[in-house]
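Remarks on the structure that follows.
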Amino acid sequence: MPRLQQGRRQRQVEEDEDVDMREPQDDQDVSDAADETMNGPPNEELSQLIKGLVRYAIACDFSRTPIRRDAIREKVLGANGRQFKTVFAGAQKQLRAVFGMEMVELPARDKNLMTMDQKRKAAKSQSQREPTSNAYILTNILPQELRTPSLTRPSKVMSAEGEAAYTALYTLIISLITISGGELSDPRLRRHLARLNAAEYMPSLNPNDPANPTEKTEVLLQRMVKQGYLVKMMDNRGAGDDDSTTWHVGPRGKVEVPKESIADFVRTIYGGSDENLEAKIQISLKGVKEKKPEIKEREREQGEDDEDEEGEQEDEEMEEAAGPSNARRRRRG
């Protein structure tokens, strides 16, 4: 009997040791694991949270508002704040499978484009990790062959013409800033806009509205700043001087209009691609994939074919003019 009791005690000690080895060592890990398993929402509630995040992301995209992490916790998750990763992953899966979109984190704002107050707040809120924006936007992940205007344009806008004009304007301004080295002074921007007859007014988001077919240029530029396409910096040392105001590409502008899109935009403006243009693009947009001058090659081949056809037609006309016998001989040959 004593040996039996001793064996039971030994087995109990071994089982206790196994339990201790399986337990998490970190208190935070214990808390998170408990929240994910014991306090996590049931499947039906989790599904509703995922659908809520999908709806919220689409609503933010419609108004060009960043999808902020804090807003997701407040407006979508509520008391289920610790389920962020699970809900976010589920929403990403639905966005990709159903809508052909996904949430992409915006780049953190460049410290050189921050005011002193913004730099202090960033220093307090950030640790040794790399800075993150904790803000997202929806991007298109459809295959290139499906990215046609009929599929990619917004389903509900004030005016298709106004939306197209606004997209073209911020794409043009972002391209000008990027090609200029990432910075454009206010006078230079105004000169470019004057050439487009947009120094004072630009098309409104609903140019078909007879009451407001246009908007002031300053109003549209402020909207582009608010939506994250542009960043306007004013140097206090040169207060009152237009040259002290510079324009930069904002976080949303960097994601929606990458360098590859800018290069294609430039090629379209110049009517194609050639070696000289590609060399200039590589200098202005470092790291952009070089495109072979396919358009010029096709034009040259088409020109050679036209010349061959013209030459054959001239030969036939000369033979017919020389006499019907020559023409008949050529046809037999």
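Glycine residues also receive a Cβ, built from the backbone N, Cα and C atoms like all the rest.
Features reported for this protein in TrEMBL:
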- 1-10: compositional bias 'Basic residues' (COMPBIAS)
- 1-44: region 'Disordered' (REGION)
- 14-35: compositional bias 'Acidic residues' (COMPBIAS)
- 46-106: domain 'MAGE' (DOMAIN)
- 286-333: region 'Disordered' (REGION)
- 287-301: compositional bias 'Basic and acidic residues' (COMPBIAS)
- 302-320: compositional bias 'Acidic residues' (COMPBIAS)
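Secondary structure of the domain 'MAGE' (46-106) per DSSP, as helix, strand and coil residue counts: 48 helix, 7 strand, 6 coil. Note on the domain 'MAGE' (46-106): its mean pLDDT in the predicted model is 94.
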